[in-house]
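Q: Let me give you the structure first, and then I'll get to my questions.
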Ligand SMILES: [Zn+2]
């Protein structure tokens, strides 16, 4: 087994509080397209626009079509084995909590318990105008809110919206108290999430298919697929 994976397994066994930060690389290995690199029909649209409050307000049909496709993706695909490896390590006490930039809900779907969705979730839909809950079916069937006739939307953080403060504060305080932060599947190009690993006084690790250009130096970088690395890591940590 890779020497770096054995070293990380050793750190995890010694750490009292290990916090994970996961990004798009985890999702794409389950087949979910990275929305920042859309192809085909969607290639002509700026992803930062279709996922913004401006699109919701001014081009709602476009917004709804875009998110109907994304909801279709998350409801037809499933979390890969790397997610299950993480959930198992969490259940056995080797991972304290998981902060994720992903909106697919795959960590919870794979059984993880302490998950903070920093950018919200596509799993639920609500009315942008009155806040009442709606359903995926109502949204994808182009229905409006059954209470106020307002616009339905997935419960994700759009460009132009505030990040969920309670979730962020929990992630920040857990990372500040952590001995180990493991970043998986993101090269940390987005502010403010790229600041999170710098808050720990403990060790930092990156598992990604490319090195990070971020100025924060990681104590350990493991280049490769998230799924394969996590399967080896859980074998090293759990000994199965
Ligand atoms: Zn409403």
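Any Cβ shown, glycine's included, is placed from N, Cα and C.
No curator has checked TrEMBL annotations; they are predicted automatically.
Take a look at what TrEMBL says about it:
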type: DOMAIN; residues: 1-240; note: domain 'Deacetylase sirtuin-type'
type: ACT_SITE; residues: 119; note: active site, proton acceptor
type: BINDING; residues: 127, 130, 145, 148; note: Zn(2+) binding site
Q: When you measure from the Cβ of residue 148 (Zn(2+) binding site), how many other Cβ atoms are you left with inside 10 Å?
A: 12
Q: Tell me the Cβ neighbour count for residue 119 (active site, proton acceptor), meaning other Cβ atoms within 10 Å of its Cβ, over all protein chains shown.
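A: Result for residue 119 (active site, proton acceptor): 20 neighbouring Cβ atoms inside 10 Å.
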Q: Taking ligand 1 as the reference and 6 angstroms as the Cβ limit (strictly under), which recorded positions among 119, 127, 130, 148 are close?
A: 127, 130, 148
Q: Any idea what the model's mean pLDDT is for the domain 'Deacetylase sirtuin-type' (1-240)?
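A: That stretch averages a pLDDT of 93.
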Q: Quick one: which residues besides 127, 130, 145, 148 have a Cβ within 8 Å of the Zn(2+) site's Cβ centroid, in sequence order?
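A: Nearby residues not in the site list: 128, 129, 131, 132, 144, 146, 147, 149, 150, 152.
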Q: Sorted by position, what residues of the same chain at least six away from residue 127 (Zn(2+) binding site) have a C-beta under 8 A from it?
A: 133, 134, 145, 147, 148, 150, 151, 152, 153
Q: Cα of the residue listed as 'active site, proton acceptor' to Cα of residue 130 (Zn(2+) binding site): how many Å, rounded?
A: 20
Q: Fewest other C-beta atoms within 10 angstroms of its own C-beta: which of the binding-site residues 130, 145 fits that?
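A: Among the binding-site residues 130, 145, the sparsest Cβ neighbourhood within 10 Å belongs to 130.
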Q: Going by DSSP, is residue 148 (Zn(2+) binding site) sitting in a helix, a strand, or coil?
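A: It is coil.
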